[in-house]
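Have a look at the structure below, then the notes.
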Amino acid sequence: MDEELLLTRILAGIEGGDDESDYHELVTDLKSLLDTDDDEILNRFYGSLSSMASSFLRCISAAMDSPVESGRLAILASDAYLSLLLSTNCPVFTFFSPIAFLSLLGSIRRYLKRRDDSAGQGSNSQREKGNKKKRGRGKRNLGYEDGEETEEGGFDAKLMFIVLEKLGSVLSFVHLDRFPDSLKSLVQTVSEIPLLALEHSGVLNYDRLMEMCGKILGGVLNSDHGDMALTAAEISKSLTPLLLMGKHQARSFALGFVSRKLMSLAKDNPELKKVVSNLPKFLVHKAPEKAEPRGFAVEAVLEIVKAMEVEGQSEFVDFVMKMCQGKSNFRVLAVDIIPLLISSLGNPLGDISSENGLKDSWGLGCIDALVQRCSDTSALIRARALSNLAQVVEFLSGDERSRSILKQALGFNGETSEGKGAVTDLLKKRCVDEKAAVRRAALLLVTKLTSLMGGCFDGSILKTMGTSCSDPLISIRKAAVSAISEAFRICTDEIVTTEWLHSVPRMIMDNETSIQEECENVFHELVLERILRAGNVLSPDSASLPNNRNTTSKDLDRDIEALFPEGVLVLLRELCNSEVSPWVTKICGSLGKKKRLKPRVALALQCIIKESESLWLSRSMPINRWTAPAGAWFLLSEVSVYLSKSVEWEFLHHHWQLLDKNDVQGLDEQGDEQGVECNSSTWAGDRVCLLQTISNVSLQLPAEPAADLADNLLKKIENFNLHSAEVDAHVKALKTLCKKKASTSEEADMLVKKWVEQVSLKASKVTEKYIEGVSSHNHSFVTPATLGSRRSKRLDTVSKKLSKAVTAVYTIGSCVIIYPSADTTKIVPFLHTVITSGNSDSKLKNKLPQANVCLKQKAPLLYSQSWLTMAKMCLADGKLAKRYLPLFAQELEKSDCAALRNNLVVAMTDFCVHYTAMIECYIPKITKRLRDPCEVVRRQTFILLSRLLQRDYVKWRGVLFLRFLLSLVDESEKIRRLADFLFGSILKVKAPLLAYNSFVEAIYVLNDCHAHTGHSNPDSKQSRTKDQVFSIRGNDERARSKRMQIYVTLLKQMAPEHLLATFAKLCAEILAAASDGMLNIEDVTGQSVLQDAFQILACKEIRLSVSRGASSETADIEEEGGDAATAKGRAITHAVRKGLIQNTIPIFIELKRLLESKNSPLTGSLMDCLRVLLKDYKNEIEEMLVADKQLQKELVYDMQKHEAAKARSMANQGVACGTSHRNGEPEASAASEENVRDSGLESRVVSAAADVVAAKAARSVLREVNGGAATPPLSAMSVPKLRSSRGVSQSGRPSADVLESLRRRPTFMSDDES
């Protein structure tokens, strides 16, 4: 009876169910009726319902579309509808409707969407309350885990699983081949479920949900539901958003379905296989541009390709090769996919067992494509290609065969023809690329190639890596240190060792702490550890060497090199190079303070020196000819500061006796007999380092030997016959030994004071004696000796006296340095005599023993040394410095001796530290040495002033900054590199606004322009002449390029806002000044300033990185943070456009009129500049130039002409390349360094190419016509017969009208000149 009542209510509800409130009862009654087991009632129901099927479908569809109760009513209606279709004896095709099926799918989507907390309230609140208890029962697990409640915020997970399970069952007998829209909607809905279900992952068994979705999608991949290929294509399209999303379960589901289900079905279905092979290509087209999502897309593509068959993989590789020639977004995807393909797919270099492996290799094509993309116009693509090529090199360097093929592919094999040297040239360009990311990637590639090549690299690449160690960016410097250290780690050739030592140790002075630490680490590993290993293996090696008494010097050198492995001799020799030793000292000091120096290093160095001596003696060579390996004593002197207990006194005492007894003059006489050269400078250097070592370990020496050594040193000092380098070492060692000899510090000071004053007194007597001798000889009128031998002896005596006086003066300075409080009152007069000799206006003429000759000419060494010693005395005595500073400045300015000027620069910069306020007025005179004719003086001045500026002893003000600019274009490459590092790294951090504040002034100064009323110099012509030294005057190409190089360097230091401000300042202070008459454009320097301004405004460095229509990709910062970057780009573009319209364009219009009125040649430069400025605003030129229609027309014409010329040039290149290819000529490996990718340029290039081909054909016809061949008779030519106007043939004579038409045919003119 209840079933009868339900049946009646359902039928009544269908007939009058137009109200949405009746749908709930209808759905509930229908579900209750379908749950009954009475077949008779159900058959009656089906019969009654069939007569009103349309009304029923309308009502049930409306219920499934209902948003009531947050979609719960709709999902209950869907459950009831599916239960109806699944019930026994149900007339399925009567009750199945595409519209109702679409409503069912919509109800599933809406039920899974995010719910609002307030949903279901209002008019339905009572119904919610009434059903709460009913829905809130603890329903157990059909669809979720651990028996948790089946709902959360109104979501019933169990109900959802029931609906999906019934949907899958319905699809087994309801075929959708007749309903393509329903099939499409089903695929889309099921593909969306993994994403929509994320909000309910807490109450859903997500894995089971994915399994059910996979079953539904797999079920429709059946011929019963239509064409499988079309269905698979629709599924692939619908799963694409999941495949392209980040790491998530939904993405894993999509990848699993495609790589397993689709791939398994495609094996036996050619049409389905075609769909599957096209899916990765479709994903490539849909891949996003931002870096991280693009990476996920690449991973998805690779997973699908890996699951494909070999044929499909090969087809996709060919597709990737074509992508490399496409648009920028495809090219960047291609370079990201290639390394993954090579590392994931099998046999990239062909079958190892096949003899024709190279022919079957698809990997070589990929490598070649990567190499080509390393020269792409997009910096992002260049950087990605270089870094990915580095990954490929690392992956393929595993076995010997792969290494050999890879070397051949990259052009490193002598046997390869094409591409030889291409990668080397490529690396040289990319390591100095304008984009930092490209330089970093290039250095990474160099590091990987170093391992491949075993460190044997072209010298230019090594120098490029060394130069990169001075890059302005920290990351580039780190990469460069890593790259060149890897080369040195693998290869110990002399060229690699030398370049490493000249590039890496200097990084100990870097501002970045991490780079300093890396420098210490690699020095410890590659220098000290290598020396330590060499010391450990010496004994067995030396024992194995043959003992040959008839040994030449070359054989001995060879034996010594064989004695020390890993190029240790070259390493030690370069360590004591004057350009390397200061950094080695700094590194050893830093390692020593951190207690990282191992005692075994000192023992190894002693072992190296001992074994070298033993080998020398074993060849029966005279011991007085022996010298230790170059650099060994130097490094021992540096490490012994912190390893004094590891150095043996017997060892030092033995070698001191050897070096001290060497008589250079006597040895020179025996040199020819022994066939070995004698190098006295080597002994002097070794003695200095040995004395330094003795000083370092003096506190460990026994008392008696220390006293004996001190007496010996004092005697040698007082003889004044030492080399200047040895004097300092002797003096310092003697001071240290005095501390050892004395029991207290006061006693030690008294001992030092005693021998310092004793030595100074003797030195002053020697100097005075020489001066008096020179003066008396100048007054002597004795007839010169006629005998040559007597004259020679006399000259030799004078030379020895001069040498002794020079050493004496130098010794005084050394003594003053170690004991500043020494009494110098008796020494100053004699030094004053020397440095003022020849001056008739000397103030002390009657008080001091003046030299009657000019010692500057008679004894230049003594003259120079006296200035140096006086400088040391001034450092110890401020009052003395105050008296003599004017003399130092005067001599620095007037001296014609480069060595003296160099020493004076050193002295003056030392004064800057000790007497900062006193020396400030002399800074301009010091900076003049930046333009000194001697390179050494210029470099020394630059380095010393740079250090003072970094330590704030000198300020960047006045002319100092402007004079430093000239070092950027110095003739010396070393100075240019130092200047680039100063401006690009140090100054950019220390004074970031300096380039901006001084930019306009720099333009006037560099052009030596005084034609501006605001920049004119009121001083005399003499000051202008002085300023000319620091200018680059002239309008020639060389001068302009030098100035432009300086401007570009300054622009690179500016922030974007400063570039905008600089643009405005140039327009206001130069262009506007010229149009207002403040800048005289008839003056040559004024014209140069104006032309420079035009060039600067048109250069790319002053333009901001985000321009109109430009893509968002850059190399340094990829597309991350796209919204912020886009907003910033719009703001910058708006600011530039506003500035152009309001400020720049009116100035240009006024200035153009002025230049035209004066017939100035600068009009062309102005037009070129304006064309470059407005090329990004082609569509707005009419609006911008509304005030000057003529200028508007001229600019449009110039732009069109420029673009046409550019297109014609590219077309000519393309035609030439095509011709050479047809003629069998090999194409360039890198094709083109500049692949222009402009939106409108491609069509113009195609059009121009067609014109070029047609013109070429026309020229060939003209050449044949002009070749002298006579025109054949008309009867011999194959031509159609002509009839007269009357229809009668005129006996072989052509009609007059036809001849006239031929006369009027168009003439082809040769345009070879175009």
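Glycine residues also receive a Cβ, built from the backbone N, Cα and C atoms like all the rest.
What Swiss-Prot records for 20-58 is repeat 'HEAT 1', and it gives sequence analysis as the kind of evidence. Per DSSP, the secondary structure of the repeat 'HEAT 1' (20-58) breaks down as 34 helix, 0 strand, 5 coil.
Annotation comment: Swiss-Prot describes 98-136 as repeat 'HEAT 2', evidence class sequence analysis. In this model, the repeat 'HEAT 2' (98-136) carries an average pLDDT of 61.
The feature region 'Disordered' is assigned by Swiss-Prot to 116-150 (among others).
Summarising the annotation, Swiss-Prot assigns compositional bias 'Basic residues' to 130-140.
The repeat 'HEAT 4' annotation in Swiss-Prot covers 231-267 and is backed by sequence analysis. Same-chain residues lying 6+ beyond the ends of the repeat 'HEAT 4' (231-267) with a Cβ under 8 Å from its Cβ atoms: 183-184, 187-188, 191-192, 194-195, 198, 206-207, 210, 213-214, 217-218, 220-221, 225, 273, 275-276, 279, 282-283, 286-288, 292-293, 296-297, 300, 303-304, 306-309.
Long-range contacts of the repeat 'HEAT 5' (269-310) within the same chain, counting only residues at least 6 positions beyond its ends with a Cβ under 8 Å from a Cβ of the stretch, are 227-229, 232-233, 236-237, 240, 243-247, 251, 255, 258-260, 262-263, 316, 319, 323, 329-330, 332-333, 336-337, 340-341, 344-345, 1112-1113, 1118-1120, 1122. The repeat 'HEAT 5' annotation in Swiss-Prot covers 269-310.
Look at Swiss-Prot and you will find 331-360 tagged as repeat 'HEAT 6', backed by sequence analysis.
Taken from Swiss-Prot, the feature repeat 'HEAT 7' applies to 361-398.
Listed as Cβ neighbours of the repeat 'HEAT 9' (457-493) (distance under 8 Å, sequence separation of 6 or more from its ends, same chain) are residues 424, 427-428, 431-432, 436, 439-440, 443-444, 446-447, 449-451, 499-500, 502-504, 506-507, 510, 512, 514-515, 518-519, 522, 525-526, 566-567, 570-571, 977, 980-981, 984-985, 988. Residues or ranges marked as repeat 'HEAT 9' by Swiss-Prot: 457-493.
The feature repeat 'HEAT 10' is assigned by Swiss-Prot to 494-532, with sequence analysis given as support.
According to Swiss-Prot, the feature motif 'Nuclear localization signal' maps to 789-796, an assignment based on sequence analysis.
Among the features that Swiss-Prot reports, repeat 'HEAT 11' is placed at 821-859.
Using a Cβ-Cβ cut-off under 8 Å and counting only residues 6 or more beyond its ends in the same chain, the repeat 'HEAT 13' (917-954) has close neighbours at 881-882, 885, 889, 892-893, 898, 901-902, 905-906, 908-909, 911, 960, 963-964, 966-967, 970-972, 974-975, 978-979, 982, 986, 990, 1026, 1029-1030. Annotation source Swiss-Prot lists repeat 'HEAT 13' at 917-954.
Among the features that Swiss-Prot reports, repeat 'HEAT 14' is placed at 956-992. Residues 467, 470-472, 511, 923-924, 927-928, 930-931, 935, 938-939, 942-943, 945-946, 949-950, 998, 1001-1002, 1005-1006, 1030, 1032, 1042, 1045-1046, 1049-1050, 1052-1053, 1055 of the same chain lie 6+ residues outside the repeat 'HEAT 14' (956-992) yet bring a C-beta within less than 8 angstroms of a C-beta in it.
The feature repeat 'HEAT 15' is assigned by Swiss-Prot to 1053-1091, with sequence analysis given as support. Among residues of the same chain six or more beyond the repeat 'HEAT 15' (1053-1091), those with a C-beta under 8 A of the stretch's C-beta atoms are 983-984, 987-988, 992-993, 995-996, 999-1000, 1003-1004, 1007-1014, 1033-1035, 1040, 1097, 1102-1105, 1132, 1135-1136, 1139, 1143-1144, 1147-1148, 1150-1151, 1154-1155, 1158, 1160, 1162, 1165.
The feature region 'Disordered' is assigned by Swiss-Prot to 1210-1237 (among others).
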### Query
In the repeat 'HEAT 7' (361-398), how many residues does DSSP call helix, how many strand, and how many coil?
28 helix, 0 strand, 10 coil
## Note on the structure
For the repeat 'HEAT 9' (457-493), the DSSP residue counts stand at 27 helix, 0 strand, 10 coil
### Query
With DSSP, how much of the repeat 'HEAT 15' (1053-1091) is helix, how much strand and how much coil, in residues?
29 helix, 1 strand, 9 coil
